[in-house]
Amino acid sequence: MITSIATTTAGAFEVKSLGFIPYPSQPKRIFFMAQVIFRILAIAFAVASISAMVTSDQNVIVFGMDTAARYSYSSAFRFLVGANAVVCGFSVLSLIFVCLMSRRSEAILEKNYYLFLHDMVMMVMMVSGCSAATAIGYVGRYGEKEITWTAVCDFVGKFCNQALVSIVLAYLALFCYVALTTLAAHKLNHSSSTAAIRQNE
């Protein structure tokens, strides 16, 4: 038994001395791949949502008057674009952070906490942006008869359709961050349990 342990320790020392990083365990590898995939998807959905919204401008003639529909006329749509931009930027930074964390052989509780906090803030921001844009989009498409607000999508169909696509893409980015927050919470809980066990030993 002592010989086996010594051999294992020597082998590990030789691997580290040659500069190789030990191959991560299966759960850690799955967690890393899920983090990378969901962050890349969140970036892609956020960029696509911004593109759909900023290119949704439409000029139409209504009752003989030249009318323009632009996302910048709505504070809710501007907020959604801003939220997508912030989430996209921080997703790139967090992707780099996750890749750097994966190079360490041991989980660090403090860094897992920061990752969880980041993902939760991004999720809340996307919830705010999607909720605001959905409310305005609903009124624009269906109107509000009780207060005599008329639906405008019958006149500016292109604008409304692209705004709808943008909102759907933003929701997909939101779902990515719901998954990331869940993963980060699970990882944080696991790291806390591991740290507590080591402290009691």
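Glycine is no exception: its Cβ is also placed from the backbone N, Cα and C atoms.
Per Swiss-Prot, these features apply:
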{"type": "TOPO_DOM", "residues": "1-29", "note": "topological domain 'Cytoplasmic'"}
{"type": "TRANSMEM", "residues": "30-50", "note": "transmembrane segment"}
{"type": "TOPO_DOM", "residues": "51-78", "note": "topological domain 'Extracellular'"}
{"type": "TRANSMEM", "residues": "79-99", "note": "transmembrane segment"}
{"type": "TOPO_DOM", "residues": "100-119", "note": "topological domain 'Cytoplasmic'"}
{"type": "TRANSMEM", "residues": "120-140", "note": "transmembrane segment"}
{"type": "TOPO_DOM", "residues": "141-162", "note": "topological domain 'Extracellular'"}
{"type": "TRANSMEM", "residues": "163-183", "note": "transmembrane segment"}
{"type": "TOPO_DOM", "residues": "184-201", "note": "topological domain 'Cytoplasmic'"}
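Listed by sequence, the residues of this chain that lie at least six past the ends of the transmembrane segment (163-183) yet keep a Cβ under 8 A from its Cβ atoms are 31, 34-35, 38-39, 41-42, 45-46, 48-50, 52-53, 56, 71, 77, 80, 83-84, 87, 116, 119-120, 122-123, 126-127, 129-130, 133-134, 137, 140-141. Taking H, G and I as helix, E and B as strand and the rest as coil, DSSP gives the topological domain 'Extracellular' (51-78) the counts 11 helix, 10 strand, 7 coil. For the topological domain 'Extracellular' (141-162), the DSSP-based tally of helix, strand and coil residues reads 11 helix, 2 strand, 9 coil. Sequence-remote contacts of a segment are chain residues at least 6 beyond its ends whose Cβ falls under 8 Å from one of its Cβ atoms, and for the topological domain 'Extracellular' (141-162) they are 52-53, 55-58, 60, 62, 67, 69-71. Sequence-distant contacts of the topological domain 'Extracellular' (51-78) (same chain, at least 6 residues past either end, Cβ-Cβ under 8 Å): 84, 132-133, 135-136, 152, 155-156, 158-159, 162-163, 165-166, 169.
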